[in-house]
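**Student:** Got a structure for you, questions after.
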Amino acid sequence: MAHLLSLHVFLSSHAQETSPKPLKLPKRINKFNTSISTAKKALVSPSHKTHKLNLEVSPHRAVSAVRLMRIQFGGAFADLLNEKGKGSGDNEMGYVERTLGFRPRDLDDRDLRLVTDIVGGTIRWRRYLDHLIGSLCHDESMFRSMEPLLLQILRIGFYEIVKLNMPPYAVVDENVKLAKVALRPGAGNMVNGILRKLVLVKENNTLPLPKLEGDDRSQARALATLYSHPVWMVRRWTKYLGQEEAVKLMMWNNSDPSYSLRANSAKGITREDLVMQLNSLKVPHEVSLHLDDFVRVKIGLQNVIRAGLLKEGLCSVQDESAGLVVSVVDPQPGEDIIDCCAAPGGKTLYMASRLRGKGRVHAIDINKGRLRILGETAKMQKVDDVVVTIHADLRNFADNNVMKSDKVLLDAPCSGLGVLSKRADLRWNRRLEDLEQLKNLQDELLDAASTLVNPGGVLIYSTCSIDPEENEGRVEAFLVRHPEFRIDPVDRYAPSDFVTKQGFYFSDPVKHSLDGAFAARLVRTS
């Protein structure tokens with residue numbers, strides 16, 4: 001769902017569109033025997049080694065290894081790395097120094113691009129890479145007991161050789177050097193032996209990959225390895241989409257993400273103004289075919305960040321699929337709109353800009369910190385005059401308040417299965433059991449949001465999921481519980497290509513080359 005910075009302005013417009021709403025779920029048990037707490041300690045505690053500058057070790061590999069450690073064990077997002085090598089608000093080189101015991105040279109532009117590519121790609125292809133690593137180890141126990149940093153170095157080497165097609169012996173040499181300096185000589189020797197095996201089997205075109213054969217379960221396991229997704233996702237998508245479409249979806253999720261920029265009309269910035277800025281920065285772009293304020297960029301977002309366009313509030317990073325949800329809401333000047341799960345506020349801010357200084361968006365959220373960011377960003381984007389933040393659990397708020405509106409948006413917490421291209425780590429942080437918890441929460445929030453809708457008003461339910469049980473399934477269940485609501489087809493508000501037979505909005509990642517998203521308009525008749 002997104003790979004570039006820790007700037008809170010960027011996150012305020014971007015995180016909501018590329019990651020599902022926060023939900024506390026049971027902690028996972030790590031498949032490796034190595035203690036997670038030990039790995040976490042290595043990320044935050046000063047190393048016993050003498051900290052010094054090391055000019056011999058490849059800086060992008062050192063930073064990538066530590067960032068991968070932070071993502072797997074420290075919960076850092078896979079999409080946070082800015083132009084100075086800083087992530088999640090802390091100095092990236094500080095993490096490297098504390099974890100590895102030395103500091104590499106500063107990252108140049110090429111290094112930054114490589115870190116972005118290697119971190120995102122290694123996370124996406126983790127299951128595939130681990131299968132290869134395990135197959136080329138002496139035995140499975142060697143792989144299962146491998147220390148976390150050594151495993152990350154091997155993953156980087158395998159990704160560089162197999163997916164990036166870098167010169168193999170340079171990759172071997174550099175990763176061996178990193179393992180020897182960051183760990184010990186013996187670790188370097190192990191990396192050398194395993195990577196050289198990989199080079200040999202790749203040159204002989206005999207990579208030890210599973211064959212697509214056997215019953216449905218066997219084929220799902222093979223596809224999960226070949227396209228690097230959890231087995232449960234493969235089985236679920238094969239059930240709903242068929243195997244061919246499931247493979248296309250996984251290929252999309254594994255592709256390099258593209259981003260969209262929204263020109264901030266509240267500051268008087270038009271898309272033409274934004275295009276001029278991008279031209280001056282030599283950032284390749286395409287104007288959106290669906291939304292007048294949006295421009296797509298595949299590469300060059302670093303240049304946009306460095307130029308200060310986000311920090312100055314001239315534009316926001318927001319996927320067109322999220323912008324089209326706002327089109328389904330159809331905010332008009334003078335309206336009062338309730339945004340039920342608003343923070344950090346991508347859709348809130350876009351709705352506010354479309355009010356043109358007249359009306360209100362009442363932004364409700366349970367997370368006080370994210371709500372504070374929303375308020376700060378609203379000021380920066382000059383829409384704070386129409387945004388009112390309310391810190392509350394929607395379920396309690398609906399029980400204890402008399403506020404009503406003709407338009408209520410519930411952008412619900414969801415699995416985020418529509419944004420796996422941008423949120424590379426998310427596929428490994430979701431379980432099938434999570435969907436049941438999410439569906440229950442979505443039902444509770446829909447019931448609460450429905451009480452805020454005036455007779456004749458509309459409730460818009462949206463997600464960044466492609467799963468029918470989170471989308472159509474929740475709407476169908478809601479209408480059974482609430483016969484006072486009916487479906488209002490979205491064909492007046494969204495391009496026909498995005499309108500389903502049931503009258504819902506749906507962005508299909510494979511079909512539309514956008515994040516997956518869903519929205520339904522539900523009118524209260526009495």
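Cβ coordinates are placed from backbone N, Cα and C, and glycine is handled just like the others.
Keep in mind it's a predicted model, so treat the numbers as computed, not measured.
Checked TrEMBL, it gives:
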type	residues	note
ACT_SITE	C464	active site, nucleophile
BINDING	C341, A342, A343, P344, G345, G346, K347, D365, D393, D411	S-adenosyl-L-methionine binding site
DOMAIN	249-525	domain 'SAM-dependent MTase RsmB/NOP-type'
**Student:** If you measure every Cα to Cα pair among C341, A342, A343, P344, G345, G346, K347, D365, D393, D411, the residues listed for S-adenosyl-L-methionine, what is the largest value in Å?
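**Tutor:** Roughly 19 Å, rounded to the nearest whole number.
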**Student:** Which residue among the recorded positions C341, A343, C464 has the fewest other Cβ atoms within 10 Å of its Cβ, if you could check?
**Tutor:** C341
**Student:** With the cut-off set at 10 Å between Cβ atoms, which of these binding-site residues ends up with the most neighbours? Options: G345, K347, D393.
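**Tutor:** The residue with the most neighbouring Cβ atoms within 10 Å is G345.
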**Student:** Give me the Cα-Cα distance between A343 (S-adenosyl-L-methionine binding site) and C464 (active site, nucleophile), rounded to a whole Å.
**Tutor:** 14
**Student:** Compute the C-alpha separation of C341 (S-adenosyl-L-methionine binding site) from C464 (active site, nucleophile), stating it in Å without decimals.
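**Tutor:** Just about 13 Å between their Cα atoms.
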**Student:** I'd like to know the mean pLDDT over the domain 'SAM-dependent MTase RsmB/NOP-type' (249-525).
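**Tutor:** The answer is 96, the mean pLDDT of the model over that range.
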**Student:** For the C-alpha pair, I'd like the distance in angstrom between G345 (S-adenosyl-L-methionine binding site) and C464 (active site, nucleophile), rounded off.
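**Tutor:** G345 (S-adenosyl-L-methionine binding site) to C464 (active site, nucleophile), Cα-Cα distance: 14 Å.
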**Student:** Rounded to the nearest Å, what's the C-alpha distance separating K347 (S-adenosyl-L-methionine binding site) and C464 (active site, nucleophile)? Just drop the number here, would you?
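**Tutor:** Pair distance, Cα basis, whole Å: 12 Å.
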**Student:** Tell me the Cα distance separating the residue listed as 'active site, nucleophile' from D393 (S-adenosyl-L-methionine binding site), rounded to the nearest angstrom.
**Tutor:** 21
